[in-house]
Amino acid sequence: MQTTTQVKTPIVGKHVYGELYGVDEALLRDEEKLRRIVIEAAHIAKMHLVEVNSWRFKGGDKEGVSVIALVLESHIAIHTWPVYNYATVDVYTCGEHSDPMAAFRYIVSQLAPKRFTVNYSDRSYK
């Protein structure tokens with residue numbers, strides 16, 4: 001009789017990402033407010049903030065704001081398209097004690113979309 005041993009694959013990261021629909025257009029253009037939301041999301045998720053950068057893009061349907069926080073554990077990113085009332089959110093963490101879903105939920109609560117999707121993925125290696 002042959003036995004099979006299951007090897008537990010180590011989880012090296014937790015990735016939460018999603019799309020937000022029906023967000024207030026003015027909020028999606030408010031670079032400073034979006035920066036504050038990302039910074040607070042990092043604190044809520046028990047992540048250690050290293051640096052926050054943001055960019056404002058102008059020009060028709062490509063107009064929007066991107067905010068990216070580098071955290072010791074990985075990153076948080078928001079990208080917005082105000083003309084579509086749409087944003088994407090990406091929270092990735094390698095820290096065992098950080099909670100990317102808490103960061104995602106906070107961002108959603110602040111942007112108040114009419115609807116949103118959320119996805120979760122364990123990042124692991126074999």
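The chain as shown is numbered from 1 upward.
Note that Cβ sites are derived from N, Cα and C of the backbone, with glycine treated the same way.
Straight from Swiss-Prot, the features:
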- S74: active site, schiff-base intermediate with substrate (ACT_SITE)
- H79: active site, proton acceptor (ACT_SITE)
- C94: active site, proton donor (ACT_SITE)
- S74: pyruvic acid (Ser) (MOD_RES)
Under a criterion of Cβ-Cβ distance under 8 Å and sequence separation of at least 6, what residues of the same chain contact the residue listed as 'active site, schiff-base intermediate with substrate'?
G13, Y92, T93, C94, G95
Fewest other C-beta atoms within 10 angstroms of its own C-beta: which of the active-site residues H79, C94 fits that?
C94
Does DSSP put C94 (active site, proton donor) in a helix, in a strand, or in coil?
coil
